[in-house]
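Record features (TrEMBL):
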DOMAIN    9-83  domain 'Inhibitor I9'
DOMAIN    106-535  domain 'Peptidase S8/S53'
ACT_SITE  115  active site, charge relay system
ACT_SITE  172  active site, charge relay system
DOMAIN    329-417  domain 'PA'
ACT_SITE  499  active site, charge relay system
DOMAIN    613-708  domain 'Subtilisin-like protease fibronectin type-III'
C-alpha cells in the first residue's frame, strides 16, 4: 500500500532514435507505449509541441524506463494556479476607425484560450458577422448541439481528473475568452455600473477553448496536452492566464509547450503572476513568451468613506447600493488590540465581536479573498465594510462585487482611519457611493499584485515584457453576480489579475497577426514592446502602488499601445533556432535543451551566447568590471527609404555607447546591425539597479528598447 501512495503523474520526454522513422500518430503512440509497463495507460500523448506522454507511474517504473533507448527525461507534473468593457477605448481602439478597422478586428485569426472552459450561448460568443473558420482549422467541439458556431469554433476538455464537456464552472475562462475576442454586447454592466458595450480586443477573431483547469488548479500534463492539440488544430495565438512561479525552462511545461507553439508560428501570451509588489516573483519568464503584467484603466467605480470628522477617502466597490443610509454609523476596527485574525476579518473570527449595525474596518491580505472578508462582516451582523490595504499594496484598490456595502481604500487612507478611531470614544463613518467615473488621469499605474522582475530563471532577459489592463475589468461571466436582476444570458462580472491583462495582449496579438500575417511571433512581440507607452494620461511617468515612478521590473517595456504596435518601423526578429546558443549559454545540458527544442543539440559544437546577446527588444545587463558589448539586428518593416537616428536616455552610473549612430534603410525587410556597449562610469550611484533606454527615432516613429543595469 505504501508503494501505491508514491504513484504520481509524470511527464515523460522521449526522442526518436536516429535509425527509427515514425510518422503515423498510431505508430508514435505504440512506440510511446513501449516505455510503459503493460498494465499502464497513457493519460496524454504529445505529438506537436513536444515528443512524449503523461502517465501515472511509480518511481521504480520511471527508473526502469530510463534504461530504454530514446528516453530523455521524466519528472512529476506540477500543479499551476489561475492568475486571477471599457478597455478597448482606453487602448485607443474605436469602432470603424484606425487600427481596429485596419486590422479587420482580427478577422481570420484563431485565438486559443487555455483556462477553465467556456459558457456557450453567452452573447459575447455570438457569431453575428463572423465568417466561417479558416480552412486550416482542424479542431473539435465537445459541446452539445449547436453550441459552437463561427465565433466559438472549438471547445475541448483536457482536465484528465474531471472528464465531461468543457463548461466553465468557475467563470475565469469565460471572462478571459471574452476579453480576448468577445463580440460586441450592448448595455453590459454589473449592478448597473461600468455600463457600456462590452467587446474583446479582437471581436472578429475566432475562439478555440481548451479547458485545462478545474475548480482547484491546473495540471501541467493537461496544459501541455492542450497546447499540443491547439497547434495541431491551427490556432494563431495562445493565451494562458495561469502559471506556477519561476522554474528552469526545461522543467516548465508552459515554457516547453510555448517553444513548440512558437516553432509552429503561434504567439503565446502569458500572465506574469499575481505575487507583486515583491521583486523576482514572476511566472512565465521564457524569452519566447510574451509575459504580461497588470495595470489600471481610466475608470473607477467610486465609493467614498466619510468619517465622523468629515474627512473623506475615495475607494472603490462594484456593489453600489441605492438605499444606503446617509447617516453616520458606529465605526469599529476589530484588530485594534493587535489581534491579526480579527484585523483580517478571517472567516469565523468576528462571531464574538460586537459589530452589529456598524461599519467594520478590515485589513486586506492573509490569503483571504476580499469578498470573503465582507461575508464575515455580514454574517456577524455588520452593516458595511471599509477594506484597507496593508503597506505593500499602497494605493492599489479594486472594485469588487461585495456582498454588503463596502469600499476598498489605500494603505495611507487606512492608517488615517485607524488613527481617527483611536482619537475618539465614538468613531463613526458612512459610505457615499458615487458610481462609475471615467476619465481618471493618473493612469495607467502598475497595480500592487502584478508580479515583478528581475527574472529568476534568466536575469539577463528583462521581464515582464509589457503591462496591460488588468484591474477591475468587465467581461463575460457564466451567471449574474447581482441577485436583484432577472438577466440570465448577458451576464458580466468585474475581476482583476494579470489573468485579465494577458488576454488583452492575446487579443491585440490577434489584431497584429490579422494585419501582418507574415510576421513571426518574435516580430509581433517586438512590435508590442518597442512601441509601448511610457507615460500616464496626465503626462507624467507611469506610477506604481506607492504613487512613485514604476521601475522596469514592474512595467517591462511599458504600457501596450495597439495602434503604434501596428506600425513599429523596426522589429527585433528571432527564429526558433536562434534561442539555442542562448540556452547553451544558460548552462543547460544537451538533454535539457533537447527537451525544449525537440531535436538533438550539442552545445560543444555551438558558440553559446550570454543572455544579453539574444536579439531581444530590451536589455537587462549585470555590470561587472569589464565593458560588455552586444549586437542587435533590426528589420525594416516600414517604407523602403527610412532613416533612424540614435537617442540614448541616460542610464545613471553607466556608459552606454552605440555604433553606428544612424541606420539608413533602402528596402523593406532590410536588416541592419548595431553594436551596443555597457560599462561603469565614474559617477557613483546609490541604487540596486539603474535604468535608461536606447531608441531609434525617425520622423514618424520611435523604436524604444529599455535598459536595466
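Cβ from N, Cα, C; glycine included.
For the domain 'PA' (329-417), residue counts in helix, strand and coil come to 28 helix, 18 strand, 43 coil, using DSSP. DSSP places the residues of the domain 'Subtilisin-like protease fibronectin type-III' (613-708) in helix, strand and coil in these numbers: 1 helix, 53 strand, 42 coil. Under DSSP, residues within the domain 'Inhibitor I9' (9-83) fall into helix, strand and coil as 16 helix, 27 strand, 32 coil. Separation of the C-alpha atoms of residue 172 (active site, charge relay system) and residue 499 (active site, charge relay system): 8 Å, rounded to the nearest whole number.
The two recorded residues, residue 115 (active site, charge relay system) and residue 499 (active site, charge relay system), have Cα atoms 10 Å apart. For the domain 'Peptidase S8/S53' (106-535), the predicted model reports an average pLDDT of 94.
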